[in-house]
Amino acid sequence: MAAGFFISKSVGIVGIVLALGAVATIIALSVVYAQEKNKSSGGSGGSDTTSTTTASTTTTSTTTASTTAAPNNPWNRWRLPTALKPESYEVTLQPFLTPDDNNMYIFKGNSSVVFLCEEATDLILIHSNKLNYTLQGGFHASLHAVNGSTPPTISNTWLETNTQYLVLQLAGPLQQGQHYRLFSIFTGELADDLAGFYRSEYTEGNVTKVVATTQMQAPDARKAFPCFDEPAMKAVFTVTMIHPSDHTAISNMPVHSTYQLQMDGQSWNVTQFDPTPRMSTYLLAFIVSQFDYVENNTGKVQIRIWGRPAAIAEGQGEYALEKTGPILSFFERHYNTAYPLPKSDQVGLPDFNAGAMENWGLVTYRENSLLYDNAYSSIGNKERVVTVIAHELAHQWFGNLVTLRWWNDLWLNEGFASYVEYLGADSAEPTWDIKDLMVLNELYTVMATDALTTSHPLTFREDEINTPAQISEVFDSIAYSKGASVLRMLSDFLTEDVFKEGLQSYLHDFSYNNTVYTDLWDHLQEAVNKNSVPLPDSIGAIMDRWTLQMGFPVVTVNTLTGSVQQSHFLLDSNSTVERPSVFNYTWIVPITWMTPSRTGDRYWLVDVSATNSDFSVGSSTWLLLNLNVSGYFRVNYNQENWDQLLQQLSNNHQAIPVINRAQIIDDAFNLARAQQVSVTLALNTTRFLSGETAYMPWQAALNNLQYFQLMFDRSEVFGAMTKYIQKQVTPLFEYYRTATNNWTAIPSALMDQYNEINAISTACSYGIAECQQLATALYQQWRQNVSNNPIAPNLRSAIYCSAVATGGEEVWDFIWERFLEAPVVSEADKLRTALTCSTETWILQRYLQYTIDPTKIRKQDATSTINSIASNVVGQPLAWDFIRSNWRTLFGQYGGGSFSFSRLISAVTQRFNTEFELKQLEQFKADNQDIGFGSGTRALEQALERTRTNINWVKENKEVVHAWFRAETASS
C-alpha cells in the first residue's frame with residue numbers, strides 16, 4: 001500500500017500534515033493536525049492521545065456506541081435538531097484504487113465543517129454512516145470556535161449506528177450566534193455497493209480499471225464524510241481530492257489548483273476545486289478515474305462528456321455533446337435564468353444504480369443513458385439519452401438552485417423534471433413529436449398504480465418520511481410520473497406562458513434556498529392574477545385536490561342528457577380506501593372536449609355531478625372528452641356514445657386525434673378491469689387496429705393486451721388470444737415490410753420507427769412464422785460472420801429474443817458470448833435481456849444464479865434481469881422461487897435504498913391470479929418480517945392488492961374473454 005503525505009488546506013490553516021501511509025503514521029500525523037488546529041482556533045477535544053474507532057466498536061469508554069433505546073433522545077430520532085446550521089465544509093479525500101492487505105478498497109479523509117449555532121445547545125449531531133474515525137484526544141472529532149475563543153469541551157462522543165449519527169456531548173452549551181468548526185479524520189470502505197463514495201470497475205484489454213465515484217442521493221453523503229445530511233442544510237463545499245497522478249479528479253466545480261507529490265515512490269496529485277455555491281449535500285459529487293472526454297468550449301459554459309476511453313474514442317459521447325448545449329440554452333430561456341455554474345460535466349459510469357443523478361455541475365449516468373453509438377444503439381436508446389439528459393439538466397435549476405425542504409415533497413422535484421424533460425428533448429429533436437409520448441410513458445403507466453387503494457398522495461406529511469428506506473420508497477412512479485402528469489395538466493389549463501411566468505419568479509425568489517410545494521402555487525397564483533386567467537378557484541384550492549389525496553377521478557358523461565359526474569377510480573371497485581381525504585376523493589377537473597363538428601371551451605367540473613348542455617349531443621353523433629389527454633383522469637360514456645366512437649374508429653379512425661385513439665383503448669380496458677364497462681367493449685376497441693399504422697394506438701393496445709397475456713398465458717384462453725393478435729398484427733407487419741423495403745430501410749419518423757419495432761416484436765412473440773423465420777435467418781447470418789451483425793439496431797431486441805426463444809442451449813451460449821464482449825452498453829443491454837427469452841427451465845434457472853454473481857451480471861443490472869426472467873411465462877415461477885429462497889441476500893444488496901427494488905416485487909408477482917398464489921405471497925410477507933422489505937414495503941402491499949383484484953377479474957371474465965377471442969377468429 002502506498003505511503004506518504006499530502007498538504008491539507010483547511011480553513012485558516014495551511015501546511016497541516018495528514019499522513020497517508022501506514023496506520024501508525026496516519027494516527028500520529030492526524031494528531032498533529034488536530035493539535036495545530038486547536039492551537040490556531042481554541043480547540044476542544046481532551047488529551048493529546050489518539051486511537052482508531054470503527055463504526056460498530058470503539059476503544060475507550062468515552063466513545064462507546066450508545067445502546068439507549070429511549071425514543072426521546074435526539075440521537076434516536078431520524079431528523080436533525082434545528083439548533084445548528086452548517087455554512088461551509090472543507091472535505092479532503094484520498095481513494096485507494098488497489099486493495100489493501102485485507103483485500104479491501106478504502107478511502108481516507110478529513111472534513112472540517114463550519115456551522116452557526118442558532119439555539120444554545122450542549123449536543124452536536126452530525127450524520128455519519130460506515131465511517132471509521134481516528135480519535136483526537138480520545139474523541140471522534142475536535143471542536144473549535146471560529147473567532148478564536150474557547151469552545152465548550154467535549155465530554156463524550158459515540159457513533160449511533162441505527163440513526164447514522166456521530167454524537168458529541170459537550171460539557172457546556174454552544175452559544176447562540178457563534179460560529180464553530182468541527183474537524184474529523186476518518187476512513188471508509190470504497191465498496192462496490194453503488195452508494196455514497198463507491199467503486200466502479202471496467203476492463204481495458206485484460207486490465208481491470210477502478211473508478212472512485214459517488215451517489216449521494218438520498219441519504220448517502222454521510223457515507224463519504226460526516227455532514228448535516230438533509231436537503232435544507234445547504235452549505236458551501238470546498239473539495240480536495242488526492243489521487244494517483246495518472247488519474248483525473250473532477251467535482252461539481254472547476255479545478256482551483258493542483259500539484260504533485262511523491263510518496264513512497266508513487267506519484268499523487270492533490271487537486272482542489274473551487275468552492276461550490278450554497279447547495280445540498282445530496283448534490284455533491286467527485287470522481288477519480290482514467291476516463292477521457294469530448295468537450296465544447298464555444299459557449300460561456302464548458303461542456304464535457306466523460307466515459308471509458310474506448311467509448312469516447314469510438315465517438316459514443318458525441319450525441320450527448322451535440323444535444324447538451326441546445327438543451328441548456330432551452331432551459332435558460334424556459335427559466336429566464338442563466339445556468340448557475342461555469343461548467344457542465346456529464347459522466348457515463350459502468351456501475352450506477354439509478355438512471356442518472358443531477359449532481360450540480362457533475363451529472364452522473366448509467367452508460368446507456370449517456371453514451372450512444374449509431375452502429376449499435378436503437379432509436380429507443382437515442383430517445384433515452386436525450387430525455388435523461390434533459391431531465392438531469394432541468395434539475396440544475398429546479399432542484400439544485402431551488403431545492404425541496406424535505407423528501408416529503410420529492411414529487412415536485414422529480415415530477416417537474418419528468419415533465420419538462422419532454423420539453424427539453426423536444427427542443428433538441430423537434431421532428432420527433434416526443435411530447436406526445438408522455439401520455440403513454442408517464443400518465444397511463446402511473447395510473448395503473450394510482451388506481452390502487454395502496455397508492456399514496458403526491459405530497460406526504462413531513463413526519464411520514466424519516467428513515468433512509470422511507471426516503472428511498474418515495475422515489476416511485478407516483479413522484480415521477482404522476483407528478484409530471486399533474487404538472488402537465490396545470491400548465492395546460494394555465495397556458496404554458498403563464499406557467500413559465502410563475503415558474504420564473506419562483507426560481508428568482510428562492511435561488512440557493514429551499515421551498516415547500518405551496519411556494520410554487522403562490523408564484524403561479526401571482527401569474528394567474530396578473531394575466532387574468534379565468535379559473536374556478538385558486539391554484540392552491542385546485543391543485544391541493546390533486547396533490548394531497550391519492551388517486552384520480554373517472555369522469556362519466558351521458559350524451560343523451562348532458563349529465564357529467566366524477567368518482568374515485570379504483571381498479572377493484574369492491575376495495576376499501578383506508579387513507580382519509582379532507583376532499584372526500586373529489587377533484588376540480590378541467591375538461592376539454594370535441595364533437596365531429598367542433599372543439600368546445602374548457603369545462604370545469606367542480607362538484608360531484610353537474611349538467612352541461614354542450615355534452616348533450618344525442619345518440620347519432622359522438623362526444624370526446626379530455627383532448628390530447630391533457631387531464632389526469634379517465635373518461636366513461638353512456639353505451640350510445642361508446643357505440644358512436646367505435647363506429648367512427650371503424651369507418652375513419654383518423655377523424656379522432658391519434659392521442660385520443662390511444663385514450664379510447666386505454667380508458668376502455670381500465671374501465672373494464674374496474675367493472676365499469678364490459679370487457680367485450682374494451683376488446684372491441686382493438687378491432688380497428690387491423691387498419692391502423694400509428695404508434696400510439698398500437699402501443700396502448702399492446703400495453704393493455706399484455707395484462708390479458710399475463711392473466712391467461714397459463715390457460716386455454718391464450719390459444720384463441722394468440723390467433724386474434726396474429727390476425728390484427730399481420731397487416732401491420734406487412735405494412736412495415738413494404739415501407740422498409742423488406743426491413744432494409746429505416747422509417748424517418750420516431751413514432752414510425754417505434755411501430756416497426758412493435759410489428760416485429762409482436763409478430764415474432766405471437767408466433768407468426770414469417771417473422772420467426774426472418775429472425776432465424778438473420779441470426780444465422782450473424783452466426784456465420786460474427787464481426788458483421790446484419791440486424792438493424794432498432795430490431796435487435798426483438799430478433800435476439802425470438803432467436804433465443806426458438807433456439808436452445810447453443811443459441812443461448814452464442815448470445816451470452818456476445819453479451820460478454822459487447823463494446824457498447826446499449827448492445828449489452830439488448831443481449832442481456834434477450835437471454836431471458838429462453839423457454840428452457842434449466843437455462844433460466846442458471847441465469848437467475850448469474851444475477852447474484854457480480855462477475856457475470858453487474859449489480860446495477862441484477863434486479864432488471866430477474867424482472868425480465870419473471871416476465872417470461874416459463875421463468876415467472878422460477879423467479880418467484882428464487883426471490884423467496886434468496887430474499888436475505890437480495891434485501892441486503894438492494895432493499896434499503898435501491899430504486900429498482902420495488903419493481904422487483906412487482907415484476908415477480910405480476911401474473912398472480914389464484915388463491916394459491918395469494919397465500920404464497922401472504923406467507924412470503926409473514927416469513928420475512930424479521931428481515932423486512934425496505935424500499936419495497938409499499939410495493940409488497942400493492943402486489944397483494946393486485947393479486948386479489950386479478951383473482952376476482954379472472955373469475956368474472958375468463959369465459960367471456962375466451963368466447964370473444966374465439967368468435968373473432970372463427971373464420972381464420
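Cβ coordinates come from backbone N, Cα and C, glycine included.
Binding of Zn(2+) is annotated in Swiss-Prot for H391, H395; the matching candidate from E383, E414 at the same site is E414.
In this structure, the CA atom of H395 (Zn(2+) binding site) is 6 Å away from the CA atom of E358 (substrate binding site). For the pair formed by E358 (substrate binding site) and H391 (Zn(2+) binding site), distance between Cα atoms is given as 8 Å, rounded to the nearest Å.
In this structure the alpha carbons, written CA, of G355 (substrate binding site) and H391 (Zn(2+) binding site) are 11 Å apart. On a Cα basis, H391 (Zn(2+) binding site) lies 9 Å away from M357 (substrate binding site). Note: the Cα of A356 (substrate binding site) and the Cα of H391 (Zn(2+) binding site) are spaced 9 Å from each other.
When Cβ atoms from all protein chains are considered, those within 10 Å of E414 (Zn(2+) binding site) total 24, not counting its own. Within the same chain, residues at least six positions away from N359 (substrate binding site) with a Cβ under 8 Å of its Cβ are T214, M216, N252, L283, L284, A285. Y480 (site 'Transition state stabilizer') is 11 Å away from H391 (Zn(2+) binding site) when you measure Cα to Cα. Model confidence over the region 'Metalloprotease' (73-967) is summarised by a mean pLDDT of 95.
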